[in-house]
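Structure record follows, encoded as structure tokens.
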Amino acid sequence: MSHKVSKKLDEEQINELREIFRSFDRNKDGSLTQLELGSLLRALGVKPSPDQFETLIDKADTKSNGLVEFPEFVALVSPELLSPAKRTTPYTEEQLLRLFRIFDTDGNGFITAAELAHSMAKLGHALTVAELTGMIKEADSDGDGRINFQEFAKAINSAAFDDIWG
């Protein structure tokens with residue numbers, strides 16, 4: 001059944017998921033350990049309790065090998081991605097605001113290139129100058145060189161930051 005669900009995702013969504021998956025697959029063995037999956041979830045702002053995490057692992061690990069492979073990962077996240085309510089805005093405004101505040105380290109209502117670089121490095125994803133400038137350019141729709149909350153929310157919801165994970 002999970003295979004049928006994944007067929008409904010478009011190629012771009014599958015590629016984005018693959019990039020996210022690969023960036024957290026530290027040893028590049030094609031599977032995520034529980035530690036790697038936990039890091040991925042935290043980077044996405046999802047912080048399940050230990051019980052919720054165990055349930056998530058049990059649900060995802062269909063081979064019962066203690067690892068989450070890419071098809072299992074796709075099967076796990078596909079229902080969320082395909083849900084009509086989630087398709088246009090995968091995050092609540094509260095979640096986006098919380099995430100925005102993490103990146104807006106000085107609290108002035110804008111994310112600068114320096115704040116973005118620092119926050120991504122803290123999340124374990126150091127950015128090259130090209131990645132950093134590309135992300136700012138992609139998200140900064142008014143061209144002022146910084147990202148306000150509306151630009152941030154739009155970028156996150158449209159996966160404009162997919163280069164973060166690659």
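From the backbone N, Cα and C atoms, a Cβ is placed for every residue, glycine too.
Values in this document were obtained by computation on a predicted structure and should not be read as measured data.
Annotation source Swiss-Prot lists Ca(2+) 1 binding site at D25, N27, D29, S31, E36. Marked as Ca(2+) 2 binding site by Swiss-Prot: D104, D106, N108, E115. The annotation Ca(2+) 3 binding site is assigned in Swiss-Prot to D140, D142, D144, R146, E151 on the grounds of sequence analysis. Residues or ranges marked as domain 'EF-hand 1' in Swiss-Prot (evidence: sequence analysis): 12-47. The annotation domain 'EF-hand 2' is assigned in Swiss-Prot to 48-83 on the grounds of sequence analysis. Swiss-Prot lists 91-126 with the feature domain 'EF-hand 3'. The domain 'EF-hand 4' annotation in Swiss-Prot covers 127-162.
When secondary structure is read from DSSP and collapsed to three states, S31 (Ca(2+) 1 binding site) falls in the strand class. Proximity of distant same-chain residues to the domain 'EF-hand 4' (127-162), defined by a Cβ-Cβ separation under 8 Å and at least 6 residues beyond the stretch ends, is recorded for 16, 19-20, 88-91, 93, 96-97, 99-100, 103, 109-113, 116-117, 120-121. Within the set of binding-site residues N108, E115, D144, R146, the entry lying nearest in space to D25 (Ca(2+) 1 binding site) is E115 (CA atoms). For N108 (Ca(2+) 2 binding site), the nearest of the binding-site residues D29, D142, D144 in terms of C-alpha separation is D144. Counting other CB atoms no more than 10 Å from each candidate's CB, the binding-site residues D29, D104 peak at D104. Put simply, E115 is the one of the binding-site residues E115, D142, D144, R146 whose Cα lies nearest to the Cα of E36 (Ca(2+) 1 binding site). Cβ neighbours of D106 (Ca(2+) 2 binding site) (same chain, under 8 Å, six or more residues apart in sequence): E115. Remark: D142 (Ca(2+) 3 binding site) has N148, E151 as non-local neighbours, by Cβ distance under 8 Å and separation of at least 6 in sequence.
With respect to their backbone Cα atoms, S31 (Ca(2+) 1 binding site) and D140 (Ca(2+) 3 binding site) stand 34 Å from each other.
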